[in-house]
Amino acid sequence: MTIALGKFTKDQNDLFDIMDDWLRRDRFVFVGWSGLLLFPCAYFAVGGWFTGTTFVTSWYTHGLASSYLEGCNFLTAAVSTPANSLAHSLLLLWGPEAQGDFTRWCQLGGLWTFVALHGAFGLIGFMLRQFELARSVQLRPYNAIAFSGPIAVFVSVFLIYPLGQSGWFFAPSFGVAAIFRFILFFQGFHNWTLNPFHMMGVAGVLGAALLCAIHGATVENTLFEDGDGANTFRAFNPTQAEETYSMVTANRFWSQIFGVAFSNKRWLHFFMLFVPVTGLWMSALGVVGLALNLRAYDFVSQEIRAAEDPEFETFYTKNILLNEGIRAWMAAQDQPHENLIFPEEVLPRGNAL
């Protein structure tokens, strides 16, 4: 019996091999298979946002002006969510709502679902791009894993939260002032700042900023090979093989400052990865909870005592009153389709009003 060993070669490359060769070719901007998802979705999401903020009104969905054409600026323009009556419709251009009429589609808020869905898939494509490139150059995929944090936040806030509510109407509109309004809405209707998942998110993001600042400063402080350049950026060759800072010196410094310090670079950098990504994931989980209308902490005993004793008040009870004010003043303005009318005597009044 004879066994022939050799490399199997096909006489002619199939379509997959041809596409793979072109997509993964070494070029200035890597395309890759992930680029088939990333580039079209990112293009349509960004293009839809610029189109909406430039030309499209929110008069028919929110009773607002939201475009440059109507007099808004960069901070006040937005691509607004569809009307509440449209619930969770995908608002396809060719769907039963718009029936192929582009103007009507824009008036109904079709650009919001267009931007949100293409944006979500664009972010996923960017994460897949990091996976693909990491595999190509034989790196571990931690960059892609880290980027899952922002994706989780985007998907939870813009997609899962409104899916748990009555419609896309209650998602954030894509604009600076619109996001601020959404933050106030979250506080007034969900007491979001007292939610433990929000607390973990704040700790993660601000803790990561602190770690980043400390790490950068420590590396700069422990440089031990000065070059001939006029400053740090000119002094070193970006392709040099050897390190030019001292981990030992940094460890000694922080051991004296705190009593403890990282002695292992892998653990240090994993910690810098873990803190912000975990914070973002926790905040995303919290928003999923809000989609189901799960409540934050309720200190009912303090509320009862504050109601019975005029001299007893805590920062918590003051915040509860502020939330009531936000709801009462915001609901009528924010949800004009409900035709809410609150008599003056039930609207909260205080020093700030």
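In case you wondered, yes, glycine gets a Cβ from its N, Cα and C as well.
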Item checked: Given ranges 19-39, 208-228, 250-270, the stretch to which Swiss-Prot attaches the annotation transmembrane segment -> 208-228
Next item on the list: Could you tell me which of the ranges 41-61, 104-124, 167-187 is annotated in Swiss-Prot as transmembrane segment?
Entry: 41-61
Next item on the list: Match it up for me: which of 125-141, 312-328 does Swiss-Prot list as transmembrane segment?
Entry: 125-141
Check: Where His118 (chlorophyll a ChlzD2 binding site) and Gln130 (pheophytin a binding site) are concerned, what is their Cα separation in Å, rounded?
Finding: 18
Item checked: Selected stretch (most C-beta pairs under 8 A with the transmembrane segment (153-166)) from 41-61, 125-141, 208-228, 279-295 -> 279-295
Checklist line | DSSP state at Gln130 (pheophytin a binding site), helix/strand/coil | finding: helix
Notebook entry, point to check: Counting distance between Cα atoms, which of the binding-site residues His198, His215, Phe262, His269 is nearest Asn143 (pheophytin a binding site)?
Noted result: His269
Note to self: For the binding-site residues listed here (Gln130, Asn143), tell me which residue's CB has the most neighbouring CB atoms inside 10 Å.
What the structure shows: Gln130
Next item on the list: Tell me, if you would, which residue among His198, His269 (binding-site residues) has the fewest other CB atoms within 10 Å in the structure shown?
Entry: His269
